[in-house]
Amino acid sequence: MMAVAAAQKNREMFAIKKSYSIENGYPSRRRSLVDDARFETIVVKQTKQTVLDEARAKANDSSLECTILQAQEQHQQEDKIPQEVQQTVEDQDNDEEEIRMVAVDELPQKPQEHVPSADDEDKETDAGLTEEEVVLQNAASESPEAEKEVVRAAVVVRLRDGMGSLGRILKAVEAYHGTVVHLESRQSRSDGVQFDVLVKVDMARSNLLQLIRSLRQTQSFGSVSLLSENNVNVKAPWFPKHASELDNCNHLMTKYEPDLDMNHPGFADQVYRARRKEIAEIAFAYRYGDPIPHIDYTETENKTWSAVFARVKELMVKHACSEYIAVFKKLEEEKIFVNERLPQLQEMSDFLRKNTGFTLRPAAGLLTARDFLASLAFRIFQSTQYVRHINSPYHTPEPDCIHELLGHMPLLADPSFAQFSQEIGLASLGASDEEIEKLSTVYWFTVEFGLCKEKDEVKAYGAGLLSAYGELLHAISDKPEHRPFEPASTAVQPYQDQEYQPIYYVAESFEDAKEKFRRWVSTMSRPFEVRFNPHTERVEVLDSVDKLETLVSQLNTEVLHLTNAIAKLKQPFC
């Protein structure tokens with residue numbers, strides 16, 4: 001009873017404390033990770049733009065303080081600004097990072113008081129609320145201390161009249177009790193503007209907002225843009241930095257479930273529905289560091305496993321990639337894969353940890369795209385524990401533990417494939433909504449439905465193929481189109497989730513797929529790089545010289561070991 005109560009409390013907490021991959025209350029059922037990501041992208045854009053447009057419109061009729069506070073109040077009441085633009089990117093050190101000089105839209109706004117200048121007579125009402133300013137004001141309004149806290153920010157000012165206007169900027173910073181810590185300029189590419197000037201300042205939050213508005217009132221400045229602020233970075237969403245933070249990254253998409261869809265094989269089976277709910281509650285109660293709960297599978301559930309296990313074992317010899325076959329046999333040798341019973345997630349997790357460092361975490365159902373991909377960055381795979389309905393043993397419209405165990409687990413024990421999976425996860429951290437959608441599509445066509453070449457034959461490595469024999473036979477036949485795997489084109493390819501795929505992507509090898517994926521990821525818009533530290537189970541943002549020097553030192557040590565090993569191998573035997 002205590003476990004059930006704890007699970008119910010956790011579910012209530014999840015409904016209030018939403019993660020950055022929130023479901024957003026979409027009522028219809030969707031059936032894939034890609035759909036989830038695409039929906040998140042649309043909702044984030046719409047809700048964000050709605051709030052900002054309203055805030056900007058109100059700015060024409062009221063003072064800066066009233067306008068921003070009203071926008072903040074609306075946000076708190078309606079919960080419409082996505083959390084990814086409110087969360088902090090931790091441990092940033094803007095002294096060492098290079099900030100990209102970009103411009104924001106100029107919007108009309110009622111002029112405010114500002115530092116006197118020679119151009120007072122020529123003021124233009126070109127000031128306006130930007131997304132950055134709304135978020136900055138939200139941070140400042142948390143408390144009087146937060147308002148007065150000195151933060152570091154970067155401001156880009158476009159000079160119409162040349163460098164002679166630079167003095168006005170410095171005078172304004174001084175008037176608002178700020179300190180210039182960095183200044184650089186470049187010739188502008190915009191018409192009517194001579195120079196773009198980047199100024200990093202240390203200044204109280206409230207004064208920073210006033211500084212920006214003051215600078216905008218001077219006609220000799222083309223535009224003024226707030227790029228970043230030390231404690232509020234609106235360019236990148238929050239993402240988990242430590243494996244323990246995955247406790248806040250297990251939100252579900254309401255999709256094809258037995259309680260909701262009449263077409264589900266278990267819809268009319270009250271016993272099955274109760275069993276699903278029981279196992280889901282166990283997953284909701286799970287926390288980082290807990291042992292994975294043991295599930296006493298029923299005779300019916302073990303019978304379902306046996307039927308699928310026997311069919312997969314029969315087909316894999318001819319159609320699965322060699323890496324999958326090798327690990328499958330090892331799992332049989334260690335008595336984890338046996339015909340008569342379902343494996344427990346804990347024993348499978350222990351096996352993966354020994355082979356590639358991957359571990360498992362129980363999930364209550366189909367996760368949102370961001371949450372699922374984020375877990376891969378920590379070499380953690382979130383796996384369901386419930387079993388598909390006995391009336392449909394060879395097909396499941398949703399992920400179940402048979403799909404996870406037979407489809408995903410064997411290749412997660414292969415070093416090359418495990419690294420590829422982790423790199424997809426790392427690429428998702430801090431990615432934009434559009435890029436999450438693309439990463440989800442790449443995941444769909446590789447980890448779920450991927451094919452690869454092996455001695456001039458096409459073999460399956462996708463979990464959706466290896467755990468569903470009907471689509472496996474379709475995929476390796478001459479009916480669908482086979483295309484070479486290229487992430488840029490794969491990421492935008494529409495997919496089929498109601499029937500068999502008409503298109504499959506074929507990788508030359510795992511190594512080739514990884515190399516192409518790395519090159520593609522390097523073109524993403526994320527303004528920072530991350531790495532996973534396996535010793536601390538922490539994702540580190542490489543945004544300072546100190547962090548880069550530490551990484552270089554570690555790499556030098558590894559290179560030294562490699563050089564010594566090569567030298568010893570070259571020595572003749574005595």
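The first residue you see is number 1, and the count goes up from there.
Cβ atoms are placed via backbone N, Cα and C, with glycine included.
Summarising the annotation, TrEMBL assigns region 'Disordered' to 106-127.
The annotation compositional bias 'Basic and acidic residues' is assigned in TrEMBL to 107-117.
Residues annotated as compositional bias 'Acidic residues' in TrEMBL: 118-127.
Positions annotated as domain 'Biopterin-dependent aromatic amino acid hydroxylase family profile' by TrEMBL: 224-570.
Sequence-distant neighbours of His408 (Fe cation binding site): residues of the same chain at least 6 apart with a C-beta under 8 Å from its C-beta are Phe381, Ser383, Val447, Ala463. The Fe cation binding site annotation in TrEMBL covers His403, His408, Glu448.
The Cβ of His403 (Fe cation binding site) lies under 8 Å from the Cβ of Arg388, Thr396, Ala463, Gly464, Ser467, Ala468, each of these being in the same chain and 6 or more residues away along the sequence. A Cβ within 8 Å of the Cβ centre of His403, His408, Glu448, the residues given for Fe cation, is found for these other residues of the same chain: Pro399, Glu404, Gly407, Val447, Gly462, Ala463, Gly464, Leu466, Ser467.
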